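Student: Not my notes, these are from TrEMBL:
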TRANSMEM  B:62-79  transmembrane segment
TRANSMEM  B:91-111  transmembrane segment
TRANSMEM  B:117-137  transmembrane segment
TRANSMEM  B:149-170  transmembrane segment
TRANSMEM  B:238-264  transmembrane segment
TRANSMEM  B:276-294  transmembrane segment
TRANSMEM  B:306-325  transmembrane segment
């Protein structure tokens, strides 16, 4: 456990350092050291590149990764379904429909409006799914089915707009939907960090509840857990976490699905152990995806959400199948 | 509908409803055509304007909708049985992602004017993606549980979708050419197109109905099915082959319509229970009905011949599905 944590932390640190160093203007380690500590002959240009351009971006990617992985871990536990990721609650389709509507119907919308629409769309869908699935109590199957139904409605709206909207707007919307951390700045990073800290702590504190609910509703209930209340609270946490991630970065898929699966294979089924490992994996994944998307085809920038699919998918296929050290 | 005779009656009623819906779909449109003319156009074609309209535009479109709907619904039911997962659909086998990637690459490389050939590329892409998913899912540490198939499907579909998106983001003309196709549509399908795909879909449907008994056993889980003398690996492979025939054909014909394969099997199970000997025919009829009604509604309500059925189908089907999920789903899991 501690070895895995240490290895992942080192990997993350290396990725962050590489993200600061590499790009259109490559900086040496010495430049970065001087720029961050303010010692020596800090070149104002490299200070600007590190602090105003690259550092906010890499921190934002890191936070988004943590949020997505944590939300994914919670969803996997409360839905008890290996395909469950926050999208099951309609979060992705709601955000996508809202963002597509804003981009296609309002020409050149301000970024803040787009982000608010993304978050509101996600939150409204999650709320609607939970409310419609409530009949005196909830069951994970009913939440999944209602999620499918409502998501398909929202997706129909998105498809309609993308089939008939102005082609330029549709393409802009697709870039946003693909998920990226283009326009990062320190204010955004601080806001997101403040927003995430409480839900992530709460999720970690709820590890034991999640361990219990994994056994199934009846077992959990007979062990004294108020299953419906726990599931409701957890859905609120998932909405807050991945809604915020979607608002700042669009739809970066795959992280929320895969980080918990890999973490579970590395450290077993206890959520107190899964959470930190999954969060680190998520952070590594998004930071690496953003870095690769920036440097592989300059001056084009591939959105991070596409890179997570292109690079992350084969890598995780290798992780999940290549080595047979799992417990399952 | 607890008894077999009740289920058989419900099946028959659904079939009658389907025939009625198909007749209405052929009769209504910009020009209304009386049923007598439709029958005479099919039985004794005389070359008049109405007869040409019926045989060359409306009937092929309805047949395409019937084929695509029943194929997607049945393959969805098979996927949900094989993976034991209510979230499974033909798309989980990489069918939609593979077909979309094949069509987008063909259009990018050779331009949008390649005509009907892209039908075959869609089929090919779907089949290759599905075979890769199955191969990945049945090797390695997960080989013997459906979890491997599920994760392999998610991984492959994500990879191909990302590739497709990467192409579309940088290539506006291909995006413009392909966006109606990706919504899923049966507009302008010809009899020749339907006839090329029909043998695959019909073979798949017959094979699926013959397989029903084994699917019910598969849903009990790998351990129970092995204890009952079934070799789950063999039947899982056979099921995947059938899904490739059905969903590959449907995607080639009508594009990636997502909703039917996911929802029609759930509706069927909520109505007739968990026995796949009944779920499969019910899904086939229900899926076909859903697509025909949605396509007709799109044509009539929005007054546009090219309104994609992929959009209307959710508008028609989702409220009904939500109602069923709220009221009929009593068993706690």
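Quick reminder: no glycine exception, Cβ is built from N, Cα and C everywhere.
Describe each of these features in terms of where it is and what it packs against.
Tutor: Within the chain, the transmembrane segment (B:149-170) has long-range Cβ neighbours (under 8 A, six or more residues past its boundaries) at 82-83, 85, 88, 91-94, 96-98, 100-101, 104-105, 108, 129, 132-134, 136-138, 142, 178, 236.
Long-range Cβ contacts of the transmembrane segment (B:276-294) within its own chain (Cβ-Cβ under 8 Å, at least 6 residues beyond either end) map to 7, 10-11, 14-15, 17-18, 21-22, 25, 62, 65-74, 76-78, 81, 186, 205, 208-209, 212-213, 215-216, 219, 254, 257, 260-261, 264-265, 267-269, 309, 312-313, 315-317.
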Student: What stretch of B:62-79, B:117-137, B:238-264 shows the most Cβ pairs under 8 Å to the transmembrane segment (B:306-325)?
Tutor: B:238-264
Student: So what's near the transmembrane segment (B:238-264) in sequence-distant terms, Cβ-Cβ under 8 Å and 6+ beyond its ends?
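Tutor: That would be 64-65, 67-69, 71-79, 81-82, 87, 89-91, 93, 95-96, 99-100, 119-120, 122-123, 126-127, 130-131, 134, 181-186, 189, 193-194, 197-198, 200-201, 203-205, 207-208, 211, 215, 218, 283, 286-287, 290-291, 308-310, 313-314, 317-318, 321.
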